[in-house]
Amino acid sequence: MPSENPTDNCIASDLISTAVRILRLGPICDSCFGRQFAMLGTGMTNSERGRSIKTLMVMSADLQASDESREMLRALAPSCRQARLRLGVEGDDENCWVCLGQMYPERLEELADRAVDELKGIECSRFLVGTFMSGLLAENEELLLADGCSRHAEPMKSEINREVGKLIALKSGKQPDLNNPEVVVHLHLSDGHVEIQIQPLYIYGRYRKLQRGFPQTRWPCRVCGGRGCERCGNTGRMYQESVDELIRGPIVEAADAEDTVFHGAGREDIDARMLGSGRPFVVEVVRPRRRDLDLNALRDEINRRCSGKVEVSDLIFVDKSMVEMVKNERFEKTYEALIEFSVPVEEEKLKSALSRLIGFVEQRTPTRVSHRRADKVRRRAVHSAELEEFSGRTARITVRCDSGLYVKELISGDAGRTRPSLAELLESDARVVELDVIDVGGVPNAKITRIS
């Protein structure tokens with residue numbers, strides 16, 4: 001019985017009018033047709049939606065039995081078997097002019113099978129699908145959206161991502177995850193190849209640097225920029241090892257990864273040790289084919305290989321946000337410095353000078369780093385400065401200060417670029433002979449986003 005509600009009739013008429021306008025553009029498969037009405041109705045695929053609308057149009061034409069309805073059947077015929085039966089026309093559905101066959105079930109199956117093959121040997125449980133459209137497909141879709149005038153469509157790539165994702169999940173047992181995928185499956189429709197982007201692993205921990213003479217991270221040769229030259233012995237590096245490189249090997253092997261990227265909470269000088277509880281860091285593991293790592297075993301292996309040089313502890317899995325947190329968190333740091341004076345100083349005078357250091361210090365960029373740091377004045381606080389050992393020409397002190405304060409220049413004054421300085425207060429030259437970082441604080445446990 002026809003609806004007595006004029007609004008219902010108007011909506012149905014508007015839907016069929018839009019559908020006819022789309023069909024007049026050329027033969028269109030059920031998926032591409034249904035996708036133009038994707039926001040209407042739930043619990044069905046676009047293919048089912050498109051097939052249902054085509055069936056509704058055939059039934060509507062049967063009811064009307066008019067020239068207009070026969071014209072609608074002719075528009076349907078190239079892509080609807082029921083319309084061809086009504087018209088008495090033989091043949092099969094013509095190729096879809098919009099997707100050029102990319103939305104056909106067998107094509108989606110093929111893409112899913114390729115993805116599952118590419119995922120073999122990669123340890124993961126969560127994935128996301130992303131589609132790269134060819135230029136022609138993008139142009140066809142743009143024409144359809146412009147001329148079809150449907151207000152209820154969704155993009156073709158969204159449907160491909162969803163439908164191929166369902167098939168991958170069914171075939172592999174892995175789960176789609178829009179927010180935190182371990183791999184991203186890239187479908188390249190121009191040539192049909194499938195590429196797997198493995199998301200990084202992030203491991204938080206602390207390191208202790210037990211020897212002097214090497215940097216925190218890989219340092220390209222200043223002369224050749226890393227290409228290799230006489231100065232660096234054709235290694236491309238200023239130093240032959242670093243904290244980064246020392247711990248890299250065991251991590252790359254354990255995760256079957258391509259590389260690592262090291263993110264530290266600041267860095268100590270090359271000639272300084274990092275002692276105490278260690279410095280917070282995050283290692284970004286690049287393209288790990290294994291993710292289920294035993295971090296206790298990894299810690300032990302790193303410490304075994306780096307024995308006497310570097311030691312790591314407190315390894316946990318974290319998410320990407322920890323990189324920014326570790327790099328940007330401002331920690332108070334405690335240093336132990338062995339100082340040498342140009343002339344003997346009195347112990348009480350030294351203690352007095354140390355107490356007067358407490359407070360704010362104005363530091364212009366030190367001469368030794370001016371080639372790689374902006375030339376500006378920084379204001380940092382010294383929270384404590386205490387004498388630990390004293391022998392006239394040498395002293396050992398501990399200094400607790402803000403992150404970013406240059407302790408060597410706090411002692412020497414750097415020709416007046418740091419004020420006040422210990423040398424200025426003593427009216428005597430002073431320099432740091434040995435420097436150790438003995439505490440860096442750390443990211444509060446409440447801020448650490450652990451990944452189980």
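Cβ from N, Cα, C; glycine included.
Swiss-Prot annotations:
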DOMAIN    71-200  domain 'THUMP'
ACT_SITE  Asp269  active site, nucleophile
BINDING   Tyr335, Tyr406  substrate binding site
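Recorded features from Swiss-Prot, shown on the structure.
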{"residue": "Asp269", "record": "active site, nucleophile", "Cβ contacts under 8 Å, 6 or more apart": "Lys408, Leu435"}
{"residue": "Tyr335", "record": "substrate binding site", "Cβ contacts under 8 Å, 6 or more apart": "Thr398, Val399, Arg400, Cys401, Val407, Leu435, Asp436, Val437, Ile438"}
{"residue": "Tyr406", "record": "substrate binding site", "Cβ contacts under 8 Å, 6 or more apart": "Gln363, Pro366, Val369, Asp414, Thr418"}
